[in-house]
Amino acid sequence: WIMGHMVNAIAQIDEFVNLGANSIETDVSFDDSANPEYTYHGVPCDCGRTCTKWEYFNEFLKGLRKATTPGDSKYHEKLVLVVFDLKTSSLYDNQASDAGKKLAKSLLQNYWNNGNNGGRAYIVLSIPNLAHYKLITGFKETLTSEGHPELMDKAGYDFSGNDEIGDVAKTYKKAGVTGHVWQSDGITNCLLRGLDRVRKAVASRDSSNGYINKVYYWTVDKRATTRDALDAGVDGIMTNYPDVIADVLNESAYKAKFRIASYDDNPWETFKN
């Protein structure tokens, strides 16, 4: 999965997919009542990027729905996965469940079209703080109470705080999550980060008792780092330059081993090295 980073304006969906992304990452900020409000990152952000592009969250979802609904004039067949980077640090811990409930309602109405031919992309809810695990339970409860438990098949989870792998595993247990797990590792492109924890995450993914289905590394803009991440066995790379990742995947060393994921590739299925 080539994951376009910080896609917060509807116009950027086309831009990133046309550069080679089959997945996008979108920031979601919340208001004081735990309603998802804007797709907005703010300052500071990655080096070389404009930090302030935004939409109202529900409007972004409508644009995203068009981009992922077959037959729509804005449809992109290859856009198959969306990571919502949930900026929950503005919330109190006890608001996490409410945030999950409200997120589910927004997605149900504006993205999944109340279960009636909505957008088809898989969704990953990426949470920066292990203490906010009740966001997941609130999200699932709401899809069930609103009559659409089947949409949980389209949703997965990620804790993005670079926590100890063992602590993340314990948190999923508390949240009742037994699958659909992506594990991120990374840092802003302005700084360097080694691949030690990525390798641990990949080892956990490939073990018989690991909780991880997929591992992705962020934010990668250089060819050399892309090669290092691929050599470490990641499933996804988040980038500001999807064309760079696509170029490396075309190199003879990687062409035989990797391909770009399509809609038929289940993002919740573990593919071991």
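For all residues, glycine too, the Cβ spot is worked out from N, Cα and C.
Within 10 Å of the C-beta atom of HIS5 (active site) sit 29 other C-beta atoms, taking all shown protein chains into account. DSSP gives HIS5 (active site) a coil state; it is part of no helix or strand. Marked as active site by Swiss-Prot: HIS5.
Taken from Swiss-Prot, the feature active site, nucleophile applies to HIS41. HIS41 (active site, nucleophile) counts 23 other C-beta atoms within 10 Å of its own C-beta, drawing on all protein chains shown.
What Swiss-Prot records for GLU25, ASP27, ASP85 is Mg(2+) binding site. Within 10 Å of the C-beta of GLU25 (Mg(2+) binding site) we count 26 further C-beta atoms, all protein chains included.
The DSSP secondary structure for CYS45 (disulfide bond) is coil. The feature disulfide bond is assigned by Swiss-Prot to CYS45-CYS51 (among others).
The disulfide bond annotation in Swiss-Prot covers CYS47-CYS190 (among others). Around CYS190 (disulfide bond), the C-beta neighbours below 8 angstroms that are at least 6 residues distant in the chain are ASP46, CYS47. When secondary structure is read from DSSP and collapsed to three states, CYS190 (disulfide bond) falls in the coil class.
Residues annotated as N-linked glycosylation site in Swiss-Prot: ASN250. DSSP gives ASN250 (N-linked glycosylation site) a coil state; it is part of no helix or strand.
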Number of Cβ atoms other than its own within 10 Å, given for CYS51 (disulfide bond): 15
Environment of GLU25, ASP27, ASP85, the listed Mg(2+) site - residues of the same chain whose CB lies within 8 A of the CB centroid: HIS5, MET6, VAL7, ASN8, THR26, VAL28, HIS41, VAL83, PHE84, LEU86, SER126
Distance [Cα-Cα, Å, rounded] between GLU25 (Mg(2+) binding site) and HIS5 (active site): 5
Three-state secondary structure, ASP85 (Mg(2+) binding site) (per DSSP): strand
